[in-house]
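**Student:** Before we start, here is the structure in question, set down as structure tokens.
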Amino acid sequence: ALETLKMFEKKDSRVKSAAATNLSFLYYLGNELDQATNYADLAVNSDRYNPAALTNKGNTVFANGDCEKAAEFYKEALRNDSLCTEALYNLGLAYKKLNRIDEALDCFLKLHAILPNSAQVLYQLASIYQIMEDPNQAIEWLLQLISVVPTDPHVLSKLGNLYDTEGDKSQAFHYYCESYRYFPSNIEVIEWLGAYYID
């Protein structure tokens, strides 16, 4: 794939930008951040209005720890294409990392309107409400999430934990049992179930 894409580097700017965008993404997946950054720069310089190129550039900056600058690239990508879901999702993650929780929530609620059955978006919404110390909302989003991915043991144990925190032992027991059924090696779940049976 890398060899094929490199053949397009010498073409006109739009083709070059598309090829460089894909090369940047492939290097990013391979955890070769220097190469990913080089190709992200080439993609953006070839076509400043390419939202995928701007998103990739944001990703490389984010991976290097500069969340503020990454957020700027994601916002620029969204100015060029307001439906660029990758940029919107990553902007939400950047805001979450920067502890700008209200802005992160806004991003993920917008995404939920575009992608109502996205497991990642539902998980992020639940996570944000948990950070905001609103367990009831977190539970609501996790319940929606398990309707999309009913066999995810991590989500089921998270639900068990939230119900336990709220004092609802029977619901907590139900979700911890379900989590144990799909992944019987989670020590925290085993410990909780053991303590429940002792009680």
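Keep in mind that glycine also has a Cβ here, set from the backbone N, Cα and C atoms.
Automatic prediction, not curation, is the source of TrEMBL annotations.
What you are looking at is a predicted structure, and each value in this text was computed from that prediction instead of being measured.
Annotations per TrEMBL:
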REPEAT    85-118  repeat 'TPR'
REPEAT    119-152  repeat 'TPR'
REPEAT    153-186  repeat 'TPR'
**Student:** Counting only residues 6 or more past its boundaries, what in the same chain has a CB within less than 8 Å of a CB in the repeat 'TPR' (153-186)?
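**Tutor:** For the repeat 'TPR' (153-186), the nonlocal Cβ contacts are 123, 126, 130, 135-136, 138-139, 142-143, 145-146, 192-193, 196.
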**Student:** Can you break down the repeat 'TPR' (119-152) into helix, strand and coil residue counts using DSSP?
**Tutor:** 27 helix, 0 strand, 7 coil
